[in-house]
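S.K.: One structure follows; several queries about it will come next.
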Amino acid sequence: MLVIVFACRPFPEAEVWRQTTMYKLISSTLLVVFHVGFTAGNSLKYTHYDPYTLLELQCDQCPPGTFVTYDCTAEKRTECAPCPYNHFTSEWHSHKDCQYCSAVCKELQLAKRECNSTSNRICECMDGFFLDVEFCSPHKECPPGYGVLQQGTPNSDTICGECPRGMFSNVTSSTAPCQRQTDCKKLGRKMLHKGSSTHDTVCKEKSPLLCEMDVTLCEEALFRYPAPPENWIMTLIQILSNTAVTSQQINKIQETQNSLEQPFYLFKLYKSQSKADDSITPLIKDLKECEKGVFNLLGSLNLTRKNVMTLMRSLPGKHVRQEDIEKTLKTCERPKHLMKLLSLWRNKNKGNTIEGLRQLKMAQLPKMIRKRMKKLEQFLTGDSMYSLYQKIILEINGNRTQPVKLETLL
């Protein structure tokens, strides 16, 4: 819409003819309305003084994305043109040009919105950074014991807070909040290690199978006990031939193991094959008595994690992986954790734990541990073990329909 308003002012005599003409125009029509396509009568206006007619005209403003090329006149509406490349106008206006878009984004910034005809380019800091005065700085990382209360944004830094009681954070992070500590009671498990602001509570594993061993120290000591008689292997095979052990299994052990190792694998096989047999009950009972002695020797050892690591490194041969040691320490009670670790070492080296204890690098161990390991080795090879060995042989032989002459065995 275009509104023409007459401005009353004195005219010099030289312009009488012009003055008469304008009065005629005003008298015939005081208000002339032109419809412009882009506003349909509701456009914003700006005042423009027409030097030819000496009138103050109310011209239509140009919309966003354009600029004024020609002001309106009494006969024509305002003429607008699109903004050129890399220029913009974001509001209705009366300017003869568009604004220039901002330069490309700075270092560590990305364009959130590129420049177009109606808006300027908007830059913001990349993920993990925020605008600190004029430059992008990395978000602060909360240390262990502290969690993120409010994550950083492109315009604000991370806010950290100390983990309250019952919560923990064990990482250095700009995004991780404090986590609730594990409730062992709700899981139906016992607590192994109490949590703190930097560590979660550690619960005992529900399944005891993780701490079980294929062969205990006592079983290994008994099954590997030195047997001086020359006919020892044949006598033992004769005893086991009428048990759950099959002749094929016996033959395989004879083919794959040397004569010193055959008794160990035969007894181990006998134990595993006779689980559903009542004949194994006395053997298990005797072995438990032996294990009590081992528990007495190891149970009072207050080994730190460092002590355990040193002990395992002091064994000859291949070392047990650190992650396996860590898992055993978390899941097995003492002293069962030490017995489990010795079992892992034996399986890794396919060796003899008793012999491994003899070859311990004692100089690397604290004096108390050296003494206890020496006593353990003596217990597993001493007179009490030989007496138990004799008893077990008698029990196995007693379960046979035709006992062999034990003097050939003992």
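For all residues, glycine too, the Cβ spot is worked out from N, Cα and C.
Positions annotated as disulfide bond by TrEMBL: C83-C98, C105-C123, C142-C160. Marked as domain 'TNFR-Cys' by TrEMBL: 82-123, 124-160. Feature annotation from TrEMBL assigns repeat 'TNFR-Cys' to 82-123, 124-160.
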S.K.: State the non-local partners of the repeat 'TNFR-Cys' (124-160) in its own chain: residues 6+ outside its ends, Cβ under 8 Å from one of its Cβ atoms.
M.R.: 106-110, 112, 167-179, 196-198
S.K.: If I restrict to non-local contacts, at least six residues apart, and a C-beta distance under 8 angstroms, what lies near C123 (disulfide bond) in its own chain?
M.R.: S102, C105, K106, Q109, L110, A111, K112
S.K.: Using a 10 Å radius around each Cβ and counting other Cβ atoms from all shown chains, which of the disulfide-bonded residues C142, C160 yields the largest count?
M.R.: C142
S.K.: Of the residues in the repeat 'TNFR-Cys' (124-160), how many are helix, strand and coil by DSSP?
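M.R.: Helix (H, G, I), strand (E, B), coil: 0 helix, 20 strand, 17 coil.
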S.K.: In this structure, which of the disulfide-bonded residues C83, C98, C105 has the fewest other Cβ atoms within 10 Å of its Cβ?
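M.R.: Per-residue Cβ counts within 10 Å for the disulfide-bonded residues C83, C98, C105 bottom out at C105.
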S.K.: Compute the C-alpha separation of C142 (disulfide bond) from C98 (disulfide bond), stating it in Å without decimals.
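M.R.: Distance (Cα to Cα, whole Å): 46 Å.
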S.K.: Would you kindly give the Cα-Cα distance separating C83 (disulfide bond) and C160 (disulfide bond), rounded to the nearest Å?
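M.R.: C83 (disulfide bond) has its Cα 47 Å from the Cα of C160 (disulfide bond).
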